[in-house]
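Please see the structure below; I have some questions.
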Ligand code: GLN
């Protein structure tokens with residue numbers, strides 16, 4: 001089984017390392033042709049406006065929307081979560097618009113721009129290590145979306161069928177259980 005990591009900008013090598021620790025093969029995805037060879041894809045953290053712009057430049061928008069229509073699993077982390085959201089608060093520019101969530105960018109106050117914590121993540125564990133870096137949060141979820149984790153009453157992880165989203169960076173820790181969970185979603189497909 002092969003899991004891709006969209007490699008236009010952001011934390012790519014770190015995700016590949018976690019995919020391999022969790023027992024699958026990780027591939028850096030730089031061209032749309034490569035999407036045919038993978039069973040699931042991670043959209044990494046970075047800067048969502050930059051990654052969104054590069055996705056348009058390299059023609060990734062429609063092929064990724066088709067990838068999702070085929071119910072192939074997609075995991076968005078941090079900026080990646082912003083890329084798959086249907087709505088972005090206070091911003092007209094949207095990206096892939098796959099998951100029925102509204103996100104707020106850079107949603108944690110100044111002193112909390114970056115921090116690390118353990119989270120209770122439903123179906124995974126009650127001590128999942130998470131790194132938040134100028135993280136977004138999920139303000140609203142549609143009926144089909146299951147909330148997986150909250151931090152101080154705010155939604156920070158959710159799932160809608162084959163779509164998984166986390167506000168934080170699970171790849172900047174040594175805890176690969178989020179990746180193992182995603183690989184299970186791909187296996188069950
Ligand atoms: N603040 C970034 C954005 O809005 C996301 C930060 C991240 O991915 N660590 O795109």
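Note that the numbers count up from 1, one per residue, in the order the chain is shown.
In case you wondered, yes, glycine gets a Cβ from its N, Cα and C as well.
Automatic prediction, not curation, is the source of TrEMBL annotations.
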Which of 17, 105, 177 shares the L-glutamine site with 46, 47, 48, 133, 134 per TrEMBL?
105
Where the record says 46, 47, 48, 105, 133, 134 bind L-glutamine, what is the longest distance in Å from one Cα to another among those residues?
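Between the most distant Cα atoms of the L-glutamine site, 13 Å.
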Pick from 105, 134, 169: which of these recorded positions has the biggest number of other Cβ atoms within 10 Å of its Cβ?
169
Can you tell me which of these recorded positions sit near ligand 1, meaning the Cβ is under 6 Å from at least one of its atoms: 47, 48, 78, 134, 171?
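Close enough to ligand 1 are 47, 48, 78, 134.
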Out of 47, 171, which has the highest number of nearby Cβ atoms, where nearby means within 10 Å of its Cβ, if these are the recorded positions?
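When each Cβ's neighbours within 10 Å are tallied, 171 tops the list.
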